Amino acid sequence: MTGEPQDDCLFCRIVAGTIPATIVRETETTVAFRDINPQAPTHVLVIPKAHHRDAAALAAAAPELAADVLRETQAVADEEKLESYRIVFNTGSGAGQTVWHAHAHVLGGRGLDWPPG
Ligand code: AMP
Ligand code: ZN
């Protein structure tokens, strides 16, 4: 069920601490950790602790939690001293989503092409 921890979800396991991650920030409702396969000098994932399959499901079920995630992307950018950065929510396998627990990619520390690939 949305919001409930899922045993087979990688990011729920990171929240539970049963899979290690390099955590850079944690709040009551969110965790931010470094992507294991970074695509930029700063590549941090911000996730809600509660399980929602993607950003749209998160926003529909828990709008305040979605706002917490967005606020945390700015906090990560501040800590990483990023003046410019990109927030990406890959949604659906055609867009590259591989983990079905909502997550914001925070990318920065290099020039970022637009439009993205
Ligand atoms: P997406 O493809 O948008 O679903 O993003 C999933 C991201 O999770 C990818 O950028 C992966 O590199 C990253 N990832 C997968 N496993 C781990 C892990 N154990 N710790 C940190 N990041 C991970
Ligand atoms: Zn999950």
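Yeah, the Cβs are placed from backbone N, Cα and C, and that goes for glycine too.
In TrEMBL, annotation is done automatically, which means it is predicted and not curated.
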Residues flagged as motif 'Histidine triad motif' in TrEMBL, choosing from 76-80, 81-85, 101-105: 101-105
Local Cβ density at His103 (active site, tele-AMP-histidine intermediate) - other Cβ atoms counted within 10 Å: 26
Beyond the flanks of the motif 'Histidine triad motif' (101-105) by 6 or more, those residues with Cβ under 8 Å of it: 6, 9-12, 35, 39, 43-48, 51-55, 57-58, 69-70, 72-73, 86-90
Coarse DSSP state, helix versus strand versus coil, of His103 (active site, tele-AMP-histidine intermediate): coil
